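If you check Swiss-Prot, you get these features:
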{"type": "BINDING", "residues": "H70, H72, H240, D315", "note": "Fe(3+) binding site"}
{"type": "BINDING", "residues": "H70, H72, H240, D315", "note": "Zn(2+) binding site"}
{"type": "BINDING", "residues": "R79, Y142, H175, Q243, S320", "note": "4-imidazolone-5-propanoate binding site"}
{"type": "BINDING", "residues": "Y142, N317, G319", "note": "N-formimidoyl-L-glutamate binding site"}
Amino acid sequence: MTLALFHNLTLASMTDGPTPYGLMPKGALVAEAGQVLWSGPQAELPAAFAAVPAHDLGRRLVTPALIDCHTHVVHGGNRANEFEMRLNGASYEEVARAGGGIVSTVSATRTATEAELLASALPRVDAMIAEGVAVIEVKSGYGLDIETELRMLRAARAIGQHRDVTIRTSFLGAHAVPADFAGRADAYIDTVAIPALRTAHAEGLVDAVDGFCEGIAFQPEQIARVFDVARDLGLPMKLHAEQLSNLGGTKLAASYGALSADHIEYLDEDGVAAMARAGMTAVILPGAFYTLRETQKPPVALLRKHRVPMAVSTDANPGSSPMTSLLLAMNMACTLFRLTPEEALAGTTRNAARALGMADRGTLAPGQRADLAVWDVAHPAELAYRIGFNPLYKRIIGGTL
């Protein structure tokens, strides 16, 4: 197999250890067959690698490539008109009566072909790739009928065939109750969400199962019925939970050994402790908090107290978080929620990988996937510090320039 040596760089390996960021000011890295074979101080490079083809990275910063672990980039239409309506004083109910809200996105998504869904998603994905992202989680959930949910997942899978990025799909059939099932959430779960999940799994379209546990969406017992099927199918789970109220969704997710609970603004200490016991990751989504002008913040201090890993993501979606910048999400997590820059970078590398169950991503330790982001900055704190500035020099995927 071809070896590649990357040297003359500042390495932020993001491994656990005594040094913040796993930082090595004069580092080097050897890749082979898509994996990190060796990383460490350049002065300690083993002699066996002396003749390996070398790439001088000009003293730039190298981190693991970024991971956006919670997105809705596949959808039809946009909701810019609602943004304007709200700023002109329209209430949520007035927007909904005018055909807005999730109903608008569901309608636009149901009428879009798979090719159209893919074509509209690719520019969003390109914006993420341009900021050093190598893994993107993509959810369904804007079809809310069997065929459209499948079409969304097929379009998500197709992204990975058109771009050099790893796609992880999440089935989100339990996202909202569609208008044609108004007042019949149980019937929707039984006749649409669960059959769609079984069919999508049979087609190999599902990497994980998600849901939205909230008063405006589904109750814990309804989510549990979907999770029972996910468990029977051997699929990992995650959950939108405690965003607008505390319904106990996080405790439910913990009882199923879920990978993550996402949003969690209203999570209490009992829920945090349940996450810790279950080994879950907390996914922080500052874009939605900002866009919705929320005031209840995620319990960051409690998450630290109970040592629950925190991931950070864009929540890219047409309604509550119309953003694709993971660097901006990092800055927001620091500014709005008081994460440290190191926590923010861990949240888009090591802990984002945990949130997706990807044990081979997120650090630059030997045996990890050699997906690198090379930055024109001197220190990793600069990635979360600057706003509206993209210092990416290049991505290196699988150790290949």
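Note that Cβ sites are derived from N, Cα and C of the backbone, with glycine treated the same way.
Quick caveat, the model's predicted, so the values are computed rather than measured.
Positions of Swiss-Prot features highlighted on the structure.
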| residue | record | Cβ contacts under 8 Å, 6 or more apart |
| --- | --- | --- |
| H70 | Fe(3+) binding site | E137, K139, D262, V283, L285, A311, S313, T314, D315, A355 |
| H72 | Fe(3+) binding site | V138, K139, G141, Y142, L172, D315, A316, N317, P318 |
| R79 | 4-imidazolone-5-propanoate binding site | G100, S104, T105, P318, G319, P322 |
| H175 | 4-imidazolone-5-propanoate binding site | I102, K139, S140, G141, Y142, L144, D210, G211, F212, A217 |
| H240 | Fe(3+) binding site | D210, G211, F212, C213, E214, A217, G249, D262, H263 |
| Q243 | 4-imidazolone-5-propanoate binding site | E214, H263, I264, E265, Y266, A288 |
| S320 | 4-imidazolone-5-propanoate binding site | G287, A288, T291, L292 |
Quick one: give me the count of other CB atoms within 10 A of the CB of N317 (N-formimidoyl-L-glutamate binding site). 24
So for D315 (Fe(3+) binding site), how many other CB atoms are inside 10 Å of its CB? 28
N-formimidoyl-L-glutamate site shell beyond Y142, N317, G319, criterion: Cβ within 8 Å of Cβ centroid: H72, H75, R79, I102, T105, G141, P318, S320
Write out, in the order they occur in the sequence, the residues of the chain not among H70, H72, H240, D315 that have a C-beta within 8 Å of the mean position of the C-beta atoms of the recorded Fe(3+) site. T71, K139, D262, H263, V283, L285, A288, S313, A316, N317, S321
What is the one among the binding-site residues Y142, G319 whose Cβ has the most other Cβ atoms less than or equal to 10 Å away? Y142
Which three-state DSSP class does H240 (Fe(3+) binding site) fall into? strand
Among R79, Y142, H175, Q243, S320, listed as contacts of 4-imidazolone-5-propanoate, what is the widest Cα spread in Å, to the nearest whole number? 21
